[in-house]
Ligand code: G4P
């Protein structure tokens, strides 16, 4: 198979949802279709139990599983499908944001009863900003939930999307009869038998056909006719181009647990979802079918064995092929490196591979040379954009609790920050170190890992910060900027890349600062240029 065909074959995507909407269940059913796993229950639940805040065994267990499920790959109808796992727990939202820089499309799972939930809103916003093509799957139709039209409205309004249903439910919950597939023009009857792998569908090109009444009953048939007429009047016709540019999102209904409506979703997905898309680097747009390799690190995972401080860096291949033992340029270090055992991912295993293609993810063993966002090329000085840091929600001073182990502590902090566990800020005034995180859970993870992997002990002290803002002066030499730096000295810090950050202690002080120093721009993400 030639290079271009390999690219066309690949579909690399993420499933996003609020916890409990059914992401794990859907992933598992997709893998079943690909024949990648034999039975239900094989995909481990990559979730942190609600009681896990101080349960370190749970944290370790979760880290172990998250390596195993980081990338799940399978072949379906001759397409190579790579599912990138996105943690649902909100304390790990940063991880998910970063993973979204490596996907070419996403499937959004929504619970029919709960509708659009908080975590879904945040994740979809990130996808919308990047024009990532999205398919919506409304799950748990076997349960009572919201009316289909109300839900479609809710998705449009809360998620700011422009939807069009490609399937439509017939009844719901106790009365759930099945689904009309608008895309394929057929009916799939619900039997509630989750073991059924292949669903039989009945073709209905024309739903006015009286056969429909015989199959689902007169009332349900008339309701379906009315509903479909309404959808035609209200929603735009599906258009693949618009889906690909992020202007239109098709919606499917089903029940992942019952493996119902999943085949329709998958069949449509492989047909319409994009193969690896071009990616913007600081220097230029890179197309997947360019011959030379380019790729970037979007995730780093520490090895589970604390004795070997070895990590796995996950690289998304954007263009060219990645070959074993071939030297590549580590752009940030300006050094050639080669890898004797790059890993590729299959269902739940990883294996050494000789060659990987755009859209694939390779796992590289790393002893501390990689940071999230690093780019690999065949010699070109290229920097991939698109992994911004957002303002953390929590801030604490980190103190060294064992003076004999200062070196270990700083090394540990450094490496954990490279992994993207949290963000480090160093105060301009006194050099004190502040750790910013999305959730409180990370502080415990950091403390535990510093002790177990680096032999260092730390304590924390609260530091009241409302928001971290990245500072961009219009002119570094103007008086206003100088005054800003003088007056706000106590609140200024450098992030890990040496960028200036203003740590506003309240919304009020943030607003006052913006008013008083209009030429000093304050940004809410690190990547504002
Ligand atoms: P998540 O990864 O998005 O967090 O969700 P997950 O798949 O773990 O699903 C959350 C719960 O919803 C699970 O139940 C799962 O069985 C259930 N579920 C998923 N899809 C459907 C569906 O189509 N219909 C119904 N009725 N339930 C569904 P649980 O009791 O929390 O977990 P478990 O004990 O079954 O694993």
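Glycine is treated like the rest: Cβ placed from N, Cα and C.
Taking all protein chains in view, 26 other C-beta atoms sit within 10 angstroms of the C-beta of residue 141 (GTP binding site). According to TrEMBL, the GTP binding site annotation covers 17-24, 85-89, 139-142.
Look at TrEMBL and you will find 8-277 tagged as domain 'Tr-type G'.
With respect to ligand 1, the binding-site residues 17, 20, 23, 89, 141 contribute 17, 20, 23 as residues with a C-beta closer than 6 angstroms to one of its atoms, given in sequence order. Cβ neighbours within 10 Å of residue 89 (GTP binding site), excluding its own Cβ and spanning all shown chains: 20.
Contacts of residue 86 (GTP binding site) defined by a Cβ separation under 8 A and a same-chain sequence distance of 6+ are given as 14, 15, 16, 23, 95, 96, 99, 100, 123, in order along the sequence. Per-residue confidence over the domain 'Tr-type G' (8-277) averages 84 (mean pLDDT, predicted model).
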